[in-house]
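Peer 1: My questions all concern the structure below.
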Amino acid sequence: MESKHLWLSLLLWVIACSVLSASCENLLRVGLKKQPLDVNSINAARVARQQDRYGKNMNGIEKKLGDSDLDIVSLKNYLDAQYYGEIGVGSPPQKFKVIFDTGSSNLWVPSSRCYFSIACWIHSKYKAGKSSTYTRNGESCSIRYGTGSISGHFSQDNVQVGDLVVKDQVFIEATREPSITFIIAKFDGILGLGFQEISVGNATPVWYNMMGQGLVKEPVFSFWINRDATAKEGGELVFGGVDSNHFKGNHTYVPLTQKGYWQFNMGDFLIGNASTGVCAGGCAAIVDSGTSLLAGPTTVVTQINHAIGAEGVVSMECKTIVSQYGEMIWNLLVSGVKPDQVCSQAGLCYFSGAQHVSSNIRSVVERETEGSSVGEAPLCTACEMAVVWMQNQLKQKETKERVLEYVNQLCEKLPSPMGESVIDCSMISAMPNITFTIKDKAYVLTPEQYILKIGEGITTICMSGFAALDVPPPRGPLWILGDVFMGVYHTVFDYGNSRLGFAEAV
């Protein structure tokens, strides 16, 4: 995802073959493998949502053959955070481990001309002079992710995925990888599976060329991600259809609302059986195989942390709002003031007519006439969260004192700046289910599915699978459904019909 937030973010076209089976013609399966999660590699999970796959092929690229003549490239799972697979670039193919990322659209690998980045020295590098099919391009480019960036230049060469060879693929030779994230990463590069609309330099994505060159029968690809840390295979990426061995029942399809990312409209979000109220009117969501966790609005993630007993960073701004403005906010809500106008009437945000913004933004515009700021952006944000929390409690007819106490407790559960929250592993069985509503159907995640366990035995650390990500209107609020969700629900990326499909994974 260009300029995408790691917390941080897929899918397909199922037709005639009903759910295309492994015996369908022109179906390419990319197997996924994994390794257990450890603390040192959590930083790697922050890299621009990435996950990869791996396997073995006649040209040295790993692959497996199933009961049919389908290509299967095994993917490896590192820490339940990175799912990467192997591809080949050039002739003969030079091998690279890449994350198959539905949240971005470019292919990049380290260049042999990357001299001053440590990440390049410890990962495989593309050597143009050793490929007989290389074509020089040379146009400069850069991509910024949530926790790192790369820069380099475009080149053109053949790219092999499994037994499929995409000819004359434009990709990026990365000559700079300054982020520590790429140093820690187990993968060499990223293969984007998003739409061309977000492709840097408008480069044609690998997936588009697969379809354009007739390498896949159907314009569909699908992901199965294995969350069993002890399993040999970490999952499977199938180009051209789906593998019916990895899901049960039928897929429920939802139309895409915007091309670029694999974006759709999501309904209400529940903690236990209670609505959070945030997405009752609908929220934008994207499915992103390059994001390890589930990323959503801080307001909701904080409520989840409170419900599961997660410990985050205490926000002084939030506590200030409760102590100094709590009663005022309560009174405004009770008196019938619209929730989206409460903070502006409290003097913490400025209402512009279409939306309210922090009062310090207004002060920049009106500095010559007003002279100074009336408030600060953090207070405006904290006020907006407090309004959502209080309004939710009002619907449950709680008293003012209990509501203010509850909101103060939520302040203590705000996620840390990087989004992580730690929980007591012994309390997992007592935690509530979390439910996403997609096309009026409930997609439930149990505590065992949304809590990440790091380490073994007495050294085990449990982390919440939810991270905070605030995207303002009109694009937001926005949810990113990463591997935590995709591990539970087999996902179909139906390019031909502009839709996403979800079914319970097995």
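Our numbering is plain: 1 for the first residue shown, then up by one each step along the chain.
Quick reminder: no glycine exception, Cβ is built from N, Cα and C everywhere.
Keep in mind that what you see is a predicted model, and the values were worked out from it rather than measured.
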Peer 1: Which candidate, Cys114, Cys141, does TrEMBL give as the disulfide partner of Cys120?
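Peer 2: Among Cys114, Cys141, the record in TrEMBL lists Cys114 as the disulfide partner of Cys120.
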Peer 1: Out of Asp101, Asp288, give me whichever of these active-site residues has the highest number of other Cβ atoms within 10 Å.
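Peer 2: It comes out as Asp288.
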Peer 1: Quick one: Cα separation, Cys120 (disulfide bond) versus Asp101 (active site), in Å?
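Peer 2: Between the Cα atoms of Cys120 (disulfide bond) and Asp101 (active site), the distance comes to 20 Å.
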Peer 1: Could you measure between Asp288 (active site) and Cys114 (disulfide bond) for me? Cα positions, answer in whole angstrom.
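Peer 2: Here the two Cα atoms are 28 Å apart.
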Peer 1: Measuring Cα to Cα, how far is Cys114 (disulfide bond) from Asp101 (active site) in Å?
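Peer 2: Rounded to the nearest whole number, the Cα-Cα distance is 23 Å.
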Peer 1: Let's see if you can do this one: DSSP helix, strand and coil counts over the domain 'Saposin B-type' (376-417), in that order.
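Peer 2: Its residues fall into 31 helix, 0 strand, 11 coil.
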